[in-house]
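> Right, I'll just put the structure down here and ask away after.
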């Protein structure tokens, strides 16, 4: 009996619901089947996002600002729906069903997008805009079909991103030393597949879109995901499944509702009179921050269900530990809010920067670089920065300061500074590009200025992402309650989502304030007639203001549960990667 139990994985079951047999379930083969879904998700999402603005402007004849907002709204929704996917996986469906369902939805979305870009009835007639002639933009029906396709993809992406990495790590038992070591290699492979999918998207897929046809490119994405789903389903009998434990979002609302209902009650003079039913080893000590929430732990008449001695109604009474967990999450919000602006800056790299590139000289010999492929320098900057930090900066910092690298808050600060510098450099580069446009004529299709002038802005913002992404992920993982790791990672991902939505809001406001009836202003319908440099300058100024606010929040923040900081290499290769979307 003892030998039989050693083959069982304690907290996992097989596809029939029986305790998982270590020899028949989990391990490398099932984990590899999950990775196929991830690479296809990256291929589809990034292949669409980085080059969509050129389709909207060049084929659907939408204004520059409108095109940018379509892309940022699409990306923002994708990340925001991670919360929905995570909630469904934690509370109802489980990770396996969530992946299968949302992968199918994304397949439908990419297939619909392939059709939308293929049928001539779903796009306006081709034309070339000039000073005396304005092209007819896509009508409501044509845009409606496009939006249906895009938001099906966004829904699929959100569901997938919330569960793929977690389900992959479910295939390894972290209580077994051998499998724990294998899990580390899985994180390596997971990050490699993300990078591979992104690089393939911004090079091969973007080239196919420009030179062969968008419908072919999107069709490849759809077929690839369909094949990945079949491969994923083929491992059903080999997977290990973790039981759903409920969403922490419910706990947060329970504390808030209980505190609001008891808002008129006085807090006891001693915390010993507050309700606590958590085992001693798992308790979190009471703190004086956000005392309003402490009212959720005041015992009042009617808090306990009738005929049940030890089970209070969780919507009326919460333990001190649960209240403190919610306090910890609330304490993360100031830092959370001051990192949103970075992702607003990031949004410009896949919208206006790509549009800039489309107007510049992109030839190398006889080869024309697709405008969307310029984002390869962005991806390269991330990988180079990670390598330099891990191999050079960390050892040097440890030698000088005795610490194994920058803290999470320091890395976030560096990322904010680099992104602000990136926008300042982008403003200068755009000023130069506009000067050339005025010299040769704003309606010139290709300006006699090299596209490689845009590399510094891609590189600075890309390097900034390497610091801020790892810093944010580290911060939200190490400073959140143990039972809310998924929730805190979702909170981190909302900064990406809100960053894209803030970009859309800023573009709309700037367009309205500086625009005119003839489509001019800072964000003109044709960027050669606009002042995109001023918009970049505005983002740089906002970045400086935001950085000052961030420093105030970082000084105010007091770590609740100090742990050794997770460094870039750990986040990419180690245990925190399971929380990466």
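Every residue, even glycine, has its Cβ placed from backbone N, Cα and C.
Residues annotated as transmembrane segment in TrEMBL: 43-62, 74-93, 100-120, 140-160, 190-209, 215-233, 329-347, 367-389, 409-429, 449-469, 490-510, 535-557.
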> So, do the transmembrane segment (215-233) and the transmembrane segment (490-510) meet, by the test of 3 or more Cβ pairs under 8 Å (sequence gap 6 or more)?
no
> Flag the pair the transmembrane segment (190-209) / the transmembrane segment (43-62) as in contact if three or more Cβ pairs fall under 8 Å (sequence separation 6 or more).
yes
> Of the listed stretches 43-62, 140-160, 329-347, 367-389, 409-429, which one has the most C-beta pairs under 8 A with the transmembrane segment (100-120)?
140-160
> Tell me, please, if the transmembrane segment (409-429) and the transmembrane segment (535-557) are in contact, taking contact as 3+ Cβ pairs under 8 Å between residues separated by 6 or more positions?
yes
> Please give the sequence-distant neighbours of the transmembrane segment (535-557): residues at least 6 beyond its ends with Cβ less than 8 Å from one of its Cβ atoms.
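Sequence-remote neighbours of the transmembrane segment (535-557) are 331, 334-335, 337-339, 341, 344-345, 348, 352, 409, 412-413, 416-417, 419-420, 423-424, 426-427, 430, 506-507, 510, 522-523.
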> Near the transmembrane segment (43-62), which residues from the same chain, at least 6 beyond its ends, have a CB less than 8 A from one of its CBs?
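Distal contacts: 68, 70-71, 74-75, 78, 106, 110, 113, 117, 123-124, 126-127, 129, 135-138, 142-143, 146, 150, 153, 157, 197-198, 200-202, 205-206, 209-210, 214, 217-218, 221-222, 224-225, 350-352, 354-355, 358, 370-372, 375.
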